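Report on one structure; see the data block that follows.
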Amino acid sequence: MVNTCLENKLLGGNEDKFTPFLLFSCLVASSGGLLFGYDLGISGGVTSTESFLKQFFPGVYTAMKQDANISNYCKFDSQLLTLFTSSLYFAGLFASLFSSQVTNRLGCRFSMRTGGAFFFAGATIGAAAINVQMLILSRLLLGFGVGFTNQSVPLYLSEMAPTRFRGAIFNVFEMCINGGILLANLINYGTQKIEAGWGWRLSLGLAAIPATVLTAGAFFISDTPTGIFRLGGDLHEASRVLQKIRGTTDITKELDDLVAAAARASSAAATQHPLRRIVRRNYRPQLVMALILPIFQQLTGINLVTYYAPTMFRSVGLEESASLLSAFITRLTAVACNLVAMAFVDRFGRRTFFFFGGIQMFVSQLVVGVIMAAKLGDHGVMSREYAKLMLLFLSLYVAGFGWSWGPLPWLVSEMFPLEIRSVGQSIVVMAGFFFNALIAQSLMLMLCHMKWGIFFFFAGWVLLMTVFVFLFLPETTGMPLERMGRVWRDHWYWKKFMEFVEDKEQAEVKATVGTSVQRH
């Protein structure tokens, strides 16, 4: 890694400089994560609020308050209630099917504005809902918004970020997701105290504020230099933007690399559609990671805490207010760990955080499962001491996720060469949404039937994915996007899938760079 970084310094000039315009652009784009996180957090709190349940899901409310014969693990087992949560991800899956085409033709900024507009509409309808149908419509619109933003924002960040700070910038996106969840937990905690019972409307409607920030902010940022080439822009415009985000006129080497990559992508697009190209043998490593990493992210079990932490804490005997406060504490832990990852992921590498975070999550889930098996029966409540102990280990679990499987799978977009980058990110989003929706829809059913065993189930998956990372995920820290193919050619397993065309590519780069220099 040290040799790679030294090489980048010698070849890349001043591309590692962090400028105010770059910071502003990345913060605006990362606000898409704030939207996503707010919606993740708000749904869990709202579905544990008595006034909301009484109006829209009276059967669940009755089971929670009056039916003493229902198991603690089954009080919130309602497919209609979980559809309120999961409908967003089914809609996001549908939107991601065509969002890459929109981004390719109209740019990341357009996709961000489109996602923000969908979010605004969904928040407005949710706040005004008078029946379950309006609630589901609201969630569908929010899902369309997530589908566009989750495809375009990681793509935008990967192309804007200097090599040295790419991991940290992606952690800003994950921190915004956790910040959104944290904000939602705070708002749920406050609106739950509104005695008139309309606090849930305020919780749902306030999503319109970050939606406005993203939609308006996208008008004040520029497309990435790579995006300019993708949209058919000229060399002069790309050079101007690159100088602005790097804060220097010494961008010749980086610009030449971008020109060469854009030329290869244009040539590839002219001969074969990116969706057909990505299934070719030499792109097999990227395709596997695009599918496996987002699926593994969902199989960590984090959604059990993200969506249903307040519901789960109520199941173990905490009151409405205490359960919302407990959910807030776990999410505050995640935000703190995002800050740790942001500071050190580009120093110690992605794999290191995957390993230690995975081990921490595995142990924490085992302990929580043991506590629930020993101290929570089908009826009655858990003692406050054991409830606090469970909260402690759930916080440790969320901490492990916060510096490993939370932010790092989003970095998969840095692995894609330009010719498949947009469609590759769409596959990441689709795979994530598909499993997100399945797990969100089935979690309460799984909790009802598996009871405390659900934590052992997810712990087993965490162990498996940690082994997968050790064996098959190469280290990408310090590698420029345009040279990322090297990590696959050097990997003990993936190198057999790669076409060894490096000499040919270098010849193409030299030819393209020569043309670029003449234009200068």
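Glycine residues also receive a Cβ, built from the backbone N, Cα and C atoms like all the rest.
Given the structure is predicted, the values throughout are model-derived calculations rather than measurements.
Look at TrEMBL and you will find 21-38 (among others) tagged as transmembrane segment.
Note on the domain 'Major facilitator superfamily (MFS) profile' (25-477): mean pLDDT across this stretch is 83. The domain 'Major facilitator superfamily (MFS) profile' annotation in TrEMBL covers 25-477.
Among the features that TrEMBL reports, transmembrane segment is placed at 80-98 (among others). Residues 39, 43-44, 47, 56-57, 60, 132, 135-136, 139-148, 150-151, 307, 426, 429-430, 433-434, 436-438, 440-445 of the same chain lie 6 or more positions beyond the ends of the transmembrane segment (80-98) yet place their CB under 8 Å from a CB of it.
Summarising the annotation, TrEMBL assigns transmembrane segment to 110-130 (among others). Within the chain, the transmembrane segment (110-130) has long-range Cβ neighbours (under 8 A, six or more residues past its boundaries) at 29, 32, 35, 39, 56, 99, 102-103, 137-149, 151-153, 156, 201-202, 204-208, 210-215, 218-219.
Sequence annotations record features per position, and here TrEMBL assigns transmembrane segment to 169-187 (among others).
Annotated transmembrane segment per TrEMBL: 199-221 (among others), in sequence order.
Sequence-remote contacts of a segment are chain residues at least 6 beyond its ends whose Cβ falls under 8 Å from one of its Cβ atoms, and for the transmembrane segment (287-309) they are 40-41, 43-44, 47, 76, 85, 181, 278-279, 323, 326-327, 330, 361, 365, 394, 397-398, 401, 405-406, 409, 412, 415-416, 424-425, 427-429, 431-432, 435-436, 439-440, 443-444, 447, 454-455, 457-459, 461-462, 465, 468, 472-473. The transmembrane segment annotation in TrEMBL covers 287-309 (among others).
Taken from TrEMBL, the feature transmembrane segment covers 321-341 (among others).
As annotated by TrEMBL, transmembrane segment applies to 353-374 (among others). With a threshold of 8 Å between CB atoms, the same-chain residues lying at least 6 positions outside the transmembrane segment (353-374) that come near it are 300-301, 316, 341, 344-345, 382, 386, 389-390, 393-394, 396-397, 399-405, 408, 451-456, 458-459, 462-463, 465-466, 469-470, 473.
The transmembrane segment annotation in TrEMBL covers 386-406 (among others).
Annotated transmembrane segment per TrEMBL: 427-446 (among others), in sequence order.
Among the features that TrEMBL reports, transmembrane segment is placed at 452-473 (among others). Counting only same-chain residues 6+ beyond the ends of the transmembrane segment (452-473), those with a CB under 8 A from a CB of the stretch are 288-289, 292, 296, 299-301, 304, 350-351, 354-355, 358-359, 361-362, 365-366, 368-370, 372-373, 376, 405, 446, 491, 493-494.
Panel annotation: around the transmembrane segment (199-221), residues 24-25, 28-29, 31-32, 34-35, 38-39, 42, 45-46, 49, 51-52, 109-110, 112-113, 115-117, 119-120, 122-124, 126-129, 138, 142, 145, 149, 180, 184, 187-188, 190-193 of the same chain, lying at least six beyond its termini, place a Cβ under 8 Å from a Cβ of the stretch. Counting residues 6+ beyond its ends, the transmembrane segment (427-446) has Cβ neighbours under 8 Å at 76-79, 81-83, 85-86, 89-90, 92-93, 96-97, 99, 146-147, 150-151, 154, 278, 287, 290-291, 293-295, 297-299, 303-304, 307-308, 311, 409, 412-413, 454, 457 in the same chain.
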